[in-house]
Structures are given as C-alpha cells and as structure tokens.
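**Student:** Sharing the features that TrEMBL gives for it:
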TRANSMEM  12-34  transmembrane segment
TRANSMEM  46-68  transmembrane segment
TRANSMEM  89-113  transmembrane segment
TRANSMEM  125-146  transmembrane segment
TRANSMEM  158-176  transmembrane segment
TRANSMEM  196-213  transmembrane segment
C-alpha cells in the first residue's frame, strides 16, 4: 500500500479510517447531547463539559484530516502544519479526558458525578466508552501507526497550545456557570484558588502527556517500522 510524506497509508484507506472515526464520534455526541442534565446543571448546558468540547474539537480535527489529503505530499504546506497542531491538541485533550474520567469513575465516582444523579441514570456503558475512550484510542492509533513523524513542536509552542486549551475551558466555564448553579464536575466545586490549582495541575499533566507521546512515537517507529523495513530489504535480497 503506497504512502505519502505525512501518512503510512494512501489517501483512500486514510479517508475510510477517518470516516469511521467521525461517524463514531458523531454518534457519541448526538447521544450525550440528547441526555437530560440534572437541574443544577441545566442552565449552563452540555457545552460546560470538557468531554463534549473535546469531542467537538476531535471532530473538527478529523474533518481537517479529510481536507489535508490533497496536500499530504508537501509536509511543509501551511494546512499540514495547522492539521498537525489540531491533532496534537486533540490527542492531549482526549487523553486528559480519558485518564481523569476513568480514574475518577472507577475509584472516586463522587468527584466526577453529582450526588443527585442516581446510578440508574449514569451514562450507559456503550455511550460512555464512545465519548470517554474511543476518541483517544482513535487519535493515538493515527499518531503512532499512521503518522510517519511525531508532532515535533517546539517546547514553547506545545506548552502554549496546552495552556491555551485549558485556559479556554476555564473561560467557558466561568461564562456558563452562574452563582446559583454548580460546576459540571464535583471536584471543581471548590474555592477559586483551589480550582486554579486544579487547572494548573491538569495543564502540567497535559504537557507531560504530550512529551510522553513524543517519546513513545519514536519507540514505535524504531521498533515496528524499522523492523518492517529490514524484513522488506531482506526479502528483496532473497529475490
């Protein structure tokens, strides 16, 4: 299967892969937006949840994966660089969503779900996996096994992107959550100083996650694909 300057697969398989991703994410978004919110969260609406905002951002990123196809033989094209930044931010956001959500859901559920929500009204497992696990797996597979190179963003740029993402979420929350309502996640219902500390901590985790992925990408490339190239060379020699 032929590749290009950006991806290890040709255009058609990559479009199919992204079509599947967009379809699953769309299903998840429609499903979660159709769910009724608890009374104390109704006023701020569904966009107060980082999960939903990250899912929307991931869908925008997938659309950019479609649009970047004509330029994949020129990795220096401006749209390729934009697409690279979108993928980097989406992967970090979805990874944060997955890590934070499942750790709290499995071990400290009272920090992620309001006490007023009975267990029978929790998000069904299928939908839960669709919005809280699938996006990070989809983006990770694309990054490790389809993308030829890592993001390779300068430290200042990657840090700025992560901080901009968390800062934007802070601003969205502050604009949506009123004095007579609660924050969407119980662990955010604390004093402003503690909430700032939580956001700073999440930003630091996001930056660490980004550079961990950079290292892992190099490991995958050096083990999986270098071995694959050696096998191909040896096969040609035998011919």
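Numbers run from 1 along the shown chain.
Placed from the backbone N, Cα and C atoms, the Cβ positions cover glycine too.
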**Student:** Hey, would you say the transmembrane segment (158-176) packs against the transmembrane segment (12-34), going by three or more CB pairs under 8 A that are 6+ residues apart?
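**Tutor:** With fewer than 3 qualifying Cβ pairs, these stretches do not touch.
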**Student:** Sort out the residues at least 6 away from either end of the transmembrane segment (89-113), same chain, that have Cβ-Cβ distances under 8 Å to it, and list them.
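**Tutor:** Answer is 50-51, 54, 57-58, 61, 122, 132-133, 135-136, 139-140, 143, 161-162, 165, 185-187, 202, 205-206, 209-210, 213.
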